[in-house]
Amino acid sequence: MKTLLLTLVVVTIVCLDLGYTKTCLKTPSSTPQTCPQGQDICFLKVSCEQFCPIRGPVIEQGCAATCPEFRSNDRSLLCCTTDNCNH
């Protein structure tokens, strides 16, 4: 009986761990989304393009497999690995 109980506990722990998914905030509404498998990094990128003085900066949030590259028109780039950390 103890063996059966121990087996059930181990199976439950393994299943709970396998079912974990990352959530990140996603533009345009900054609502949490479940990231696709393999995309375990949340990012927040703020960039300024040609019409930035008129329209303001472009904000992009989402999931990624790797941290996006910092480009010349980017003002800031945040990459993090905890749920909804890209705010």
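Heads up, the Cβ atoms here are built off N, Cα and C, so glycines get one too.
According to Swiss-Prot, the feature signal peptide maps to 1-21. The feature disulfide bond is assigned by Swiss-Prot to Cys24-Cys42, Cys35-Cys63, Cys48-Cys52, Cys67-Cys79, Cys80-Cys85.
The Cβ of Cys35 (disulfide bond) has 20 neighbouring Cβ atoms from other residues within 10 Å, across all protein chains displayed. Taking each Cβ in turn and tallying the other Cβ atoms within 10 Å, the top scorer among the disulfide-bonded residues Cys24, Cys48, Cys67 is Cys24. For the disulfide-bonded residues Cys24, Cys48, Cys52, a Cα-Cα cutoff of 10 angstroms around Cys35 (disulfide bond) retains Cys24. Cys63 (disulfide bond) has a Cβ environment of 20 other Cβ atoms inside 10 Å.
Cα of Cys24 (disulfide bond) to Cα of Cys63 (disulfide bond): a distance of 6 Å. It is 24 Å from the Cα atom of Cys67 (disulfide bond) to that of Cys52 (disulfide bond).
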